[in-house]
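Just below is one structure, and these are the notes that go with it.
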């Protein structure tokens, strides 16, 4: 999750988020190079005292400043298209999780385990424990295994919601009557926080998401306890 004075992106917890961060740095480097070049040219204009009364056209420089931006755009477009295809690729999932957006909570279903269904509400501020995070903690966390391909199906029961976890690079819109899917791979244990990032009405940001990632053997024990309880 983001902390105080965190001006950059969150630390990645999945290979897809790592690729998103790499692309961000790549595009930012190109923007810095363009800004420095244009800024240098604008500053030098103030100190340039050369005048040519007979200069009517400059075809060569016009060709250069037309072709060069097109080439620079290709350097941004090609990695971007590659990343779009990577984000859209669905590998063979080990677990499928279904998420249903409501106002103002999420419902979850583990598709492979018919008995495991629960709602996840934000914990009110006056009920938070000392180690809880205000407006981010929930009463029922999603428990998922690490180092496993996970598919999530997202829909909504009332209005459009958006299931978003920044550390995983996942953002899926939940639309009533439609089932959207994506997959992700969590490569380390921990707690990962997210919120609804769609303007779905008043208090729309108070629909937090919390994923608790554990090793596979702990996940199997959690599943067994849920099924037997």
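The backbone N, Cα and C atoms fix where each Cβ goes, and this holds for glycine too.
Copied over from TrEMBL, here are the features:
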- 1-91: domain 'Cytochrome oxidase subunit II transmembrane region profile' (DOMAIN)
- 92-225: domain 'Cytochrome oxidase subunit II copper A binding' (DOMAIN)
- 27-51: transmembrane segment (TRANSMEM)
- 63-87: transmembrane segment (TRANSMEM)
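The helix, strand and coil residue counts that DSSP assigns across the domain 'Cytochrome oxidase subunit II copper A binding' (92-225) are 16 helix, 62 strand, 56 coil. Long-range Cβ contacts of the transmembrane segment (27-51) within its own chain (Cβ-Cβ under 8 Å, at least 6 residues beyond either end) map to 72, 75-76. Here the domain 'Cytochrome oxidase subunit II transmembrane region profile' (1-91) is broken down by DSSP into helix, strand and coil counts: 63 helix, 0 strand, 28 coil.
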